[in-house]
Amino acid sequence: MANIDDIEKQIENIKINSDDNKNNVSKNKNILLNGVNLKDHEIKDNVKSVDYNNNNNENDTMNEINKHVKNDEYCNKENSNNNNNNNNNNNNNLDTQINETLNLNEKFEKKNEENLCSGCKKVLIKKLSCPICLKNKIFSYFCNQECFKGSWKEHQKIHENMNKENNEKEDHLKTIVKKHLSPENFDPTNRKYWVYDDHLKNFVNFKFTGDVRPWPLSKINHVPSHIERPDYAISSIPESELIYKRKSDIYVNNEEEIQRIREACILGRKTLDYAHTLVSPGVTTDEIDRKVHEFIIKNNAYPSTLNYYKFPKSCCTSVNEIVCHGIPDYRPLKSGDIINIDISVFYKGVHSDLNETYFVGDINDVPKEGKELVETCYFSLMEAIKKCKPGMFYKNIGTLIDAYVSKKNFSVVRSYSGHGVGKLFHSNPTVPHFKKNKAVGIMKPGHVFTIEPMINQGHYSDVLWPDQWTSATSDGKLSAQFEHTLLITNNGVEILTKRTQDSPPLGFDTKDELYYN
């Protein structure tokens, strides 16, 4: 119960001030009457507290009125417009005085109500307030603890009604929010309701660099219990990777491990080709993710991205200015978009990793520079792969890619690199894609790793979204990416995730005869 200071003196002051105000209004009204043309206006008295029954005052007032009526007749002939303006001003002043008095009376009555005990209805000397009512800004006071306890059953009804009203308001709000956040009604340009969504609330004040916006997410995909899982599937933390990071060596896979990785890569290629067939205007990236997930599960594998450091989906979908790691959501694809789909599969205890960038809809809707960007990215990867062999320094890959891309006036992203893959999703070596990098290591037979250059139309810098995954170009311009998983052999390199004759075309001549001998 909260103690409140004694306000009896304040109430007395309010009463005195109220009486004074009533008398002042009465006097002011008599004075104002002298300036009103009674032939044109009717005076209505709305103030209950003003007394006009005093005969002496009536006679004096009428004498004054008669004098001014004669003056008013003369004034009307000389200047009727000025007199009408004065009358309006006088009436407005009168209304103001009346309203002030009525408001003062209302305040006085409210103060009286606040000084009555909600239990016994006695006048309070000291006020004790119900803590629940006080929290909800409801005026409810009691004499003492005993009165409060004795009135609790009856007083509790106030809380019940209050809770009912709050629940109704909350349900109504949920209905409105659900409607505005539904895929069919969602407006990505209106952030008003984003605060009510666990995913979108992080973006309320975020400054986007391009046109792509986050959309609501669907629920996390379910994985059947019989599917073999990596160590992070439940905890989201890849403990085996953290242990391996303490080492600096590059793992050399044996023949049995290479065979399992090869099978995982074949499944990864089939999955990516299937995802490519789903790309079409109007299709959402969430739908692509859901079908990719079902395809992988159907083949008794686990989608490697799912719950990896809490990544919420089974593949990555990066549209237009999104560099990499875009989270599939309810955003529908549009003709003229470019989309990168990144597939990773955990199968028979090992991972595979690959991605490609596709044109959405009519290729003529894609900007010319966008087409050139995608082609440049693809061939920069393939040219670097051609040079891979035992004895080559990993840092030279970045030199080759950067040289090829620079000739086309594009730039290479520096924030992300290729990596070792196999028993671990990410391991040594680190494979940067830009020149003058400091990567360590020399290629040896049995090394399995990825090369996955991200090429930007504008500046190479990127911005991380508040979801802690999505990376976008800093200038909002387009970005493209391609990735393969590679095996260093005794004689050169094998592309484990290579395209097949059944792979859907990329929309340009990939010159497979040069790269798939």
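If you go along the chain as it appears here, the first residue is 1 and each next one adds 1.
For all residues, glycine too, the Cβ spot is worked out from N, Cα and C.
The secondary structure of C143 (Zn(2+) 1 binding site), as reduced to three states from DSSP, is coil rather than helix or strand. Annotation comment: Swiss-Prot describes C117, C120, C143, C147 as Zn(2+) 1 binding site, evidence class sequence analysis.
Positions annotated as Zn(2+) 2 binding site by Swiss-Prot: C130, C133, H155, H159. In the three-state DSSP scheme, C130 (Zn(2+) 2 binding site) falls into the coil class.
Here Swiss-Prot flags H325, H426 as protein binding site. Under DSSP, H325 (protein binding site) is assigned to coil, being neither helix nor strand in the three-state scheme. Just so you know, the Cβ of H325 (protein binding site) picks up 20 other Cβ atoms within 10 Å once every protein chain is counted.
Feature annotation from Swiss-Prot assigns Zn(2+) 3 binding site to D342, D353, E483; the stated evidence is sequence analysis. The secondary structure of D353 (Zn(2+) 3 binding site), as reduced to three states from DSSP, is extended strand. Counting only same-chain residues six or more apart in sequence, the Cβ atoms lying under 8 angstroms from the Cβ of D353 (Zn(2+) 3 binding site) belong to G268, S304, D342, I343, S344, V421, F425, T450, E452, E483, T485, T497.
Annotated Zn(2+) 4 binding site per Swiss-Prot: D353, H419, E452, E483, in sequence order, evidence recorded as a large-scale study or a structure entry.
What Swiss-Prot records for 79-94 is compositional bias 'Low complexity'.
Annotation source Swiss-Prot lists region 'Disordered' at 74-94.
In the three-state DSSP classification, C316 (site 'Important for substrate specificity to methionine') falls within a strand. Swiss-Prot lists C316 with the feature site 'Important for substrate specificity to methionine', giving experimental evidence as the kind of evidence.
For 114-166, the entry in Swiss-Prot reads zinc finger, with the evidence type sequence analysis.
Rounded to the nearest whole angstrom, the C-alpha distance between C120 (Zn(2+) 1 binding site) and H155 (Zn(2+) 2 binding site) is 12.
Within 10 Å of the Cβ of C130 (Zn(2+) 2 binding site) there are 23 other Cβ atoms, across all protein chains. Other residues of the chain with a Cβ within 8 Å of the Cβ centroid of D353, H419, E452, E483, the Zn(2+) 4 site, are L354, N355, G418, V421, T450, I451, H484, T485. A distance of 65 Å separates the Cα atom of C316 (site 'Important for substrate specificity to methionine') from that of C143 (Zn(2+) 1 binding site).
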